[in-house]
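Copied over from TrEMBL, here are the features:
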ACT_SITE  317  active site, proton donor
ACT_SITE  450  active site
ACT_SITE  559  active site, proton donor
ACT_SITE  584  active site
BINDING   670  Ca(2+) binding site
COILED    161-192  coiled coil
DISULFID  513-545  disulfide bond
TRANSMEM  82-102  transmembrane segment
Ligand code: DMJ
């Protein structure tokens, strides 16, 4: 210390106590130390070298007190006493202050070294003595101290020796092990750490309370007309047959093989057994008033649905079926479990967005979070209809969790697409998530493209028409589609073809038939007063798709049909003649019915329902058929989960009155799972503000 008055050298004794060993001040060091009154060492000790315990460094011998007194005075002046008193009190304050401001653990460490014995009285019950009532004996003063310190020093050394020996022993054992054993050991430790980390991460975060949007018309819809009611009851009975069969033969599996009467799954769900049919069917069961079945499904979900499985699933399929299904079940029933599961799943899907561009991979492993794309998709591209069909569910996830990440991910996709050049104003089906460039220039309103357009329109509707950016993007896209892809056949049928590198293929898929409903749904709000035009376009597509059903033997539509060389609305290739219980045509009938109330849509829907019941029904459920042009069809032996989620739901809605799921309050996702309208404002990057009309 370079204070004007005191220049001293202090060393640390074995107990961490500061020894006064030298002072340039005019008093003798020993006198000074005595004066400070801190130490229990006899005065004679102060002249012996102080031993630093660790380094063993010697401190120079001190000169005797008298020799260092320049004036040989025996007493101190009052002012000197006063200064000394001041120094003393400052020193004591410093010592105590330092001690009390030390963090707790550092205090404890010091105590472990034995410092507590010196600085504060040691409290210890004497061996063998009992002190009832928590009575304690205080010691630390008197002549036993020195002896005890020595003992403690020795025991400390012993402890250090034992520790060293143990460490040495462990090191020797490690060296004796083979490389493989060591590697295995390291691996086990690593996995343990990873597991522990995961467990920590998996502690479910409580979800913030958010108002339940107003849910209307979830179980009304009884039609007045008895014949319509009869048809509706028939659809309900078909639903029960599909569900009961799955319940009996495929319970817990993703889908059902209705002929083999066992569980079934496809690669979109990886090797998981996540009860896709249960989740997909829940809201249909609820709307149809099949409450026991709904409860049964809920119980299975509560007890079995686990998304931490080592399965590589399709992000799109799992999102529309599981996230959408769970969210809809939550909004309809108010049961928290569905919300919790939807959020658990969403967290598992987020790693799919870890690509250089933020365009998600098509597939993600739910356990590892590793993503990749389908091998067949244009040089490792992601698919428009897949990464473009996440918006509705992800907006709801942000609403329910308060986590903006979901919203930001889908808005990022939208922004990225908005910046890209579009050949002829069209969106190609393929986009490379690494380079951010389009793959092959193929455009479709059917498979690979379809629900991208659907979700632009529905983003606008679901935001209570505040997301005008989505509406504008939809309008521009549809305008280009109309210009390049929609044509009238020689026989007067309007169809939507496929655009392949500047060439129009005059082929329409069953999947494309959903577009009739989309055009009708988007008619209101379309630019330049084209509402009538789009409703008309919807009607024309509905008509064409009905023709594709009507021109078959089974009265069920083929997977794809042509408008070429005199053939219209019929499949040509054998591998396009199948019907796999798809919903798109019936979906369009329902939207057209809601907007026009033209009875032909109910009539067409009934024709399809009867054909399904006649040709697809088997004792173990419903199956797809391989050839709709054959009077003796063979089955594909799959009861698709979307048959319960969509086909039967749209049929049921078609024969219900409009107060069941009114379209002003609900928007159906692409798997027919209804989500309530959320009034959304402020679309700045990463922000969305919800204003809901809650119950
Ligand atoms: C459903 O899973 C969805 O409708 C999806 O958008 C496309 N295809 C199937 C049903 O055909």
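Note: Cβ is positioned from N, Cα and C throughout, glycine not excepted.
The recorded positions recorded for this entry are 317, 450, 559, 584, 670, and the Cα of 584 lies nearest to that of residue 513 (disulfide bond).
Taking Cα separation as the measure, residue 317 (active site, proton donor) is nearest to 670 of the recorded positions 450, 545, 559, 584, 670. Reduced to three states, the DSSP call for residue 513 (disulfide bond) is helix. Comparing residue 559 (active site, proton donor) with the residue listed as 'Ca(2+) binding site', their Cα atoms are 18 Å apart once rounded. A Cβ distance below 6 Å to any atom of ligand 1 is met by none of the recorded positions 317, 513, 545. Counted within 10 Å of its Cβ, the other Cβ atoms near residue 545 (disulfide bond) come to 29, all protein chains included. Long-range Cβ contacts of residue 584 (active site) within its own chain (separation 6+, distance under 8 Å): 510, 511, 512, 513, 514, 545. If you take the C-beta of residue 450 (active site) and look for same-chain residues 6 or more apart in sequence within under 8 angstroms, you find 385, 444, 511, 512, 514, 515, 670. Cβ neighbour count for residue 559 (active site, proton donor): 21 (other Cβ atoms within 10 Å of its Cβ, all protein chains included).
In the structure as shown, the Cβ atom of residue 670 (Ca(2+) binding site) sits within 10 Å of 24 other Cβ atoms. The DSSP secondary structure for the residue listed as 'Ca(2+) binding site' is coil.
In this structure, residue 317 (active site, proton donor) is part of a helix by DSSP. The recorded positions listed here are 317, 513; among them, 513 has the most other Cβ atoms within 10 Å of its own Cβ.
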